[in-house]
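The structure appears right after this line, and notes come after that.
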DNA sequence: CTTCATGCAAATAGTTTGCAAGAAG
DNA sequence: CTTCTTGCAAACTATTTGCATGAAG
């Protein structure tokens, strides 16, 4: 099974969900210390993060915080549109504050430090790429390379491959 | 961690290796019934598939085939360059025959049938998107929508959202 | 006080590994 | 016959769920 219960990519999408089972969740859920911590972590880091990453840092504020609570809150926060799930290739879901994802954008993953960064703007115009009969509704673009910090850092072991191997 | 550098782990070679370096794996590994089945499934389906998907179909040829064998063979086949790991956003790794991935291409995932298709050609020119100081070395582009088969199929339960909501 | 969220642990699901038995060369 | 591979099960990791306790309103 995949993660079909929720929208796998929080980008532009229109899901004609036939089952009205899921009642629209009230936006005013309880304000708990743990949810505040999660929100704070995402805000202070300012980059897409994984649940375990978030837990690690949020524990500084709420030591007894459990991973299950992180997952539950993240899911709830996605539901109310406070945060957005960021699907990265071959990896698990990352999350970031929704206001950062307000406008469609892409992501950059540093091959050195493994961190993920937002890239403003959208290349767009991929509708033509799909074969005859295919309807394109959304897309995900992820760039890989070396971030500014790692690139400037002279402590790189051996020469970093800086030639773009894009065709 | 990522899809880029996962060298296969030591299988069952307990023989004293003079060189600590991992010797380049011989391309001519043992031809087993199970590996042939896996290869055949990938060839006949002609699309990126997940290990569980492959197992399901390959079992028709080798009923007692186990999931562990599928994983081990897929990893070995990637090592010798026979197949390629396809990283899709927020999902697990898919695999496809290497000759299909010879030239850089992208993927399309149908929101209806969940299948993944190859899209020939590359949009390219994403080097400019990254911020100052960032070096782009590679990219992954995945399109989402409705495939030709699901789009034509009138048996769709509820109206399919056919309007492209790309910016 | 009533209801909902938490924390912990058990339950899932995908993937990896140990090991004895079986197959390939 | 020797070595590599398989199949099964246990081990792991990531994520989800059940339930009694505890906090929010």
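Including glycine, each Cβ sits where the backbone N, Cα and C put it.
TrEMBL annotations:
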type    : residues                   : note
REGION  : A:1-33                     : region 'Disordered'
BINDING : A:104, A:139               : Fe cation binding site
BINDING : A:110, A:113, A:147, A:150 : Zn(2+) binding site
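All features noted in TrEMBL, drawn onto the structure.
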residue: A:104; record: Fe cation binding site; Cβ neighbours (10 Å): 18
residue: A:110; record: Zn(2+) binding site; Cβ neighbours (10 Å): 20
residue: A:113; record: Zn(2+) binding site; Cβ neighbours (10 Å): 12
residue: A:139; record: Fe cation binding site; Cβ neighbours (10 Å): 29
residue: A:147; record: Zn(2+) binding site; Cβ neighbours (10 Å): 23
residue: A:150; record: Zn(2+) binding site; Cβ neighbours (10 Å): 20
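Across the structure, residue A:150 (Zn(2+) binding site) and residue A:139 (Fe cation binding site) place their CA atoms 28 angstrom apart. Looking only at Cα atoms, residue A:139 (Fe cation binding site) sits nearest to A:110 among the binding-site residues A:110, A:113, A:147. By a Cβ separation below 8 angstroms, chain B lies close to these of the binding-site residues A:113, A:139, A:150: A:139. Taking CA atoms as the reference points, residue A:113 (Zn(2+) binding site) and residue A:104 (Fe cation binding site) are 24 Å apart. Each of A:111, A:112, A:114, A:115, A:146, A:148, A:149, A:151 belongs to the same chain as A:110, A:113, A:147, A:150, is absent from that list, and has a C-beta within 8 angstroms of the C-beta centroid marking the Zn(2+) site. Note: the CA-CA distance between residue A:147 (Zn(2+) binding site) and residue A:104 (Fe cation binding site) rounds to 21 Å.
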